[in-house]
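**Q** Okay, these came from TrEMBL:
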TRANSMEM  21-42  transmembrane segment
DOMAIN    31-474  domain 'Major facilitator superfamily (MFS) profile'
TRANSMEM  79-100  transmembrane segment
TRANSMEM  112-133  transmembrane segment
TRANSMEM  139-160  transmembrane segment
TRANSMEM  172-190  transmembrane segment
TRANSMEM  202-223  transmembrane segment
TRANSMEM  288-309  transmembrane segment
TRANSMEM  324-346  transmembrane segment
TRANSMEM  353-375  transmembrane segment
TRANSMEM  381-408  transmembrane segment
TRANSMEM  420-441  transmembrane segment
TRANSMEM  447-470  transmembrane segment
REGION    500-529  region 'Disordered'
COMPBIAS  500-509  compositional bias 'Basic and acidic residues'
Amino acid sequence: MENRQQSNGVMKENNAVKKKANWSGSLIVASLTGAFGSSFLYGYNLSVVNAPAGYIKKFYNETWERRYGFSVDEGTLTLLWSITVSIFAIGGLVGAFIVTPIVKFFGRKCTLLLNNVFAVAAALLMSLSLLAGSFEMLILGRIIMGVDAGISLSALPMYLSEISPKEIRGSLGQVTAIFICIGVFTGQVLGLPEIFGQESQWPFLFGAIIVPSLIQAVILPFLPESPRYLLLEKHNTSKAEKAFQRFLGKDDVSHEIEEVLAESRVQRNTKMVSVLQLLRTRTVRWQIVTVVVTMGCYQLCGLNAIWYYTNNIFSESGISRETIPYVTLSTGAVETLAAVFSGLVIERLGRRPLLIGGFGLMVVFFSVLTVSLTLQNTVHWLPYLSIFCILAIIASFCIGPGGIPFVLTGEFFQQSQRPAAFMIAGTVNWLSNFAVGLLFPFIQAGLQTYCFLVFAGICFAGAAYLFFVLPETKNKTFHEISQAFAKRNKVTLEMQEMKHYPGERKSSEEQESNFTSSVDNGETKKGIV
């Protein structure tokens, strides 16, 4: 009895040590630094153009008049401004296309580092455009900044999913969404009239982009590369062991290395898979469909429409135009708090409840918002209900749909498939982003306040699909997640092993033997079979 109690005490102590070791200093610094120079800038560039919009349009008009001797007509000015805003998504699409070969050749960490070149170049172009009297510099800067965002929104989740233990993979993955929200909120704050929201100060809004980029460029080189990338793609067991030790905060990482090698044995090779090969792979068919659905709903669920209506709804509620920018900060604050909440509970509640619940709540609040906007001129208190619905929709989005799609993309696919999967996810993300920017004005003009019913329908469809298809991935390895999808893909795991490049089976077995030999030679000998 005494021995059993001692044994239980040792087990509890070991579990406590393991739990404590999950959040090492290097892991926290890597996630915060990576997100600050990547997803933060994406969120910041979504909101930074809103405050100085009037001043930038005036700059366009003055530049046009100085060049051609007459003022630009309203239609051309609207077109130039629409291009300035939406061209960001085109740059993002380019970034999503080129990220796969970059992360394959340079690695995850080095890709994030090199990506800062795009951010700094874009910041210089946009911040100096007023001084140079060239609105083309601002538009070009937005394209380049979009490329930076397209690369970072694939490389960062990939890096975070590969450096984190599976016990906290979801929480660490939510760092991407949290920093997007913080970036949006920061753009709103810096755009206030007391800071950079003035006619002579708006270039500083774009120059501020340099700060997160430089901070990331200074800190990230001192952190390790993804240990999974080092082990499975570079075949460097020694560096992978050291990376695991730093990220996990412990000396014995033999279990983690064996776990990665076990994945290698299941997939039988680590050759990088192209997008076309991935789309043809039957064993991940439903994983791809699920990523496409979640990423599509992420952009098409109507949050952009909410930003479009916010100022109008606040004005209808009796809030003065001068006060609206400060009240709008509440939307950014709610967005950030909801994303932080999601990061805290995702490992307890799981991915499924947060995703399905988030989309489900958005359906409810979109429906209520449609009613309140339609009838707000007949009942004096309905505008306040509209404000509540706006904040509730933002919170519902951020607790699940706002970040989990990036987490799932990292969890669904094995090492050799992950870059191609993130390229597919990024392409869907940016195409959907561009489609919303292009089509929403026409939808709004045709349906007026009923346009929110379209988004409610999209959210309902997304929630229904995820309810029937998405398995829970919390605390599961790639092998276990593949098992959950195997029946729906109509394959067995044995078929999966045979179908993944059968011609290279022998060479992969030799590679595995080489791994085992290097391990047995003393690099990570302890505890590895």
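Just so you know, glycine gets a Cβ as well, placed from its N, Cα and C.
Here the structure is a predicted model, which means the values were calculated and not measured.
Set these features in their place in the structure for me.
**A** Residues 112, 115-116, 119, 145, 148-149, 152-153, 155-156, 159-160, 163-165, 167-168, 172, 175-180, 182-183, 186, 209, 212-213, 215-217, 219-220, 223-224, 246-250 of the same chain lie 6 or more positions beyond the ends of the transmembrane segment (21-42) yet place their CB under 8 Å from a CB of it.
Remote same-chain residues near the transmembrane segment (172-190) are listed as 27, 31-32, 34-36, 38-48, 50-51, 153, 156-157, 160-161, 163-164, 196-197, 205, 208, 325, 328-329, 331-333, 335-336, 338-340, 342-343, 346, 398, 402-404, 406-407, 410 (criterion: CB distance under 8 Å, separation of at least six residues from the stretch ends).
Within its own chain, the transmembrane segment (288-309) has Cβ neighbours under 8 Å at 50, 278-279, 331, 355, 359, 362, 366, 373, 390, 393-394, 397, 401-402, 404-405, 408-409, 412, 421, 424-425, 428-429, 432-433, 435-437, 440, 444, 451-452, 454-456, 458-459, 461-462, 465-466, 469-470, counting only residues six or more beyond its boundaries.
Below 8 angstroms of C-beta separation, residues 286, 289-290, 293-294, 296-297, 300-302, 305, 351-352, 355-356, 359-360, 362-363, 366-367, 369-370, 373-374, 401, 408, 440, 488 of the same chain, each at least six residues beyond the ends of the transmembrane segment (447-470), sit close to that stretch.
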**Q** Hey, which of 79-100, 112-133, 139-160, 324-346, 353-375 has the most Cβ-Cβ pairs under 8 Å against the transmembrane segment (202-223)?
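**A** Ranking 79-100, 112-133, 139-160, 324-346, 353-375 by Cβ pairs under 8 Å to the transmembrane segment (202-223) puts 112-133 first.
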**Q** How about long-range neighbours of the transmembrane segment (353-375): same chain, 6 or more residues beyond its ends, C-beta under 8 Å?
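**A** Residues 294, 297, 301-302, 309, 313, 342, 345-346, 382-383, 385-386, 389-390, 392-393, 396-402, 404, 449-450, 452-453, 455-456, 459-460, 462-463, 466-467, 470.
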**Q** Can you tell me which recorded stretch out of 112-133, 324-346, 420-441 has the most Cβ pairs within less than 8 Å of the transmembrane segment (139-160)?
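**A** Most contacts with the transmembrane segment (139-160): 112-133.
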**Q** Could you tell me what the rest of the chain brings near the transmembrane segment (324-346), counting residues at least six beyond its ends with Cβ under 8 Å?
**A** 47, 51, 170-171, 173-175, 177-178, 180-182, 184-185, 188-189, 191-193, 197, 307, 310-311, 314-315, 354, 390-391, 394-400, 402-404, 407, 474
